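Here's the structure, in structure tokens; my notes come after.
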Amino acid sequence: MNSQTFNNPIDWDALELDTNTDIARIARFVSGYALGVAFGGGGAKGAAHYGILKELLMKKVPVDMVGGTSIGAFFSGLVAFAHLHNLTSTTDMINLIERHLRKCFKKLGSRVKKYKNIANLIIKLLTDRSFPFDHLNKTLKPIFEETYIEELSIPFFSVSTNISGSKMRVHCTGKKVLLRKCIAASMSLPGYYPAVIDDDSAHLVDGGCVNLLPADIMKAHGAYHVIAIDVGSISEFVIKYKNLHQNFIIAKQKVQNIPINALENIVC
């Protein structure tokens, strides 16, 4: 995958220079020492991302780029979204992320009020199919609202699987591309959530089908140092298909035959 080329992986026009932090980030990109964090997929175990993310913020690790697959796309989106607010305090950044997490879960009603711990709430979200989700995209809207990728102040990407064209799709650039739609596409596990239909009529499902930990994509996007957070495995992901409808068994077989070099650098 490292041999793949990406057309304009970073929208330099969107990167703001309002603070010393922004200037330092650009300097690391220009000098070739940018640091990226790749959040892997892993279902309910993705709750571990929250603890790792919090620790990175507390240690003031200078994150220049974020990206992820499935639940990892959700957390990378949170980081990118939080950076839009230009917060200088680590505590403020953590509080903002927690506040938006709870905003997402608020619509689920009284059944989640007892989950005061964010990690336990995420696990419940990803394992209890009785939660009233009519569409993943609607669930993400309270957090990410109408934010577009081009508005983000740090580079972001998410990975989904194009089951219509048997290719991996990387969402990273474009105009009027909703952040929440790219995240929803990466998280749409077949059988749990409906596929996200793209503007080109492609049906997009969970990126974990083809790239559970997109550290290679992070490198291809220009990151010199990569912190790759692995919370799952391919075997654990595939086993989720065990009792699904035959249509999704066929979909699973189709995406498993995707060649490793079948890559789309496409927007939502």
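From the backbone N, Cα and C atoms, a Cβ is placed for every residue, glycine too.
Under the heading domain 'PNPLA', TrEMBL lists 37-219.
The motif 'GXGXXG' annotation in TrEMBL covers 41-46. Broken down with DSSP, the motif 'GXGXXG' (41-46) shows 4 helix, 0 strand, 2 coil.
Tertiary neighbourhood of the motif 'GXSXG' (68-72): same-chain residues 38-43, 46, 49, 122, 126, 158-159, 186-187, 189, 206-208, 211-214, 229, 231, selected by CB-CB distance under 8 Å and a gap of 6+ residues from either end. Under the heading motif 'GXSXG', TrEMBL lists 68-72.
The 10 Å shell around the Cβ of Ser70 (active site, nucleophile) contains 32 further Cβ atoms across the protein chains shown. Among the features that TrEMBL reports, active site, nucleophile is placed at Ser70.
Other C-beta atoms found within 10 angstroms of the C-beta of Asp206 (active site, proton acceptor) number 30, with every protein chain shown included. Residues or ranges marked as active site, proton acceptor in TrEMBL: Asp206.
Residue counts for the motif 'GXSXG' (68-72) under DSSP (helix as H, G, I; strand as E, B; rest coil) come to 2 helix, 2 strand, 1 coil.
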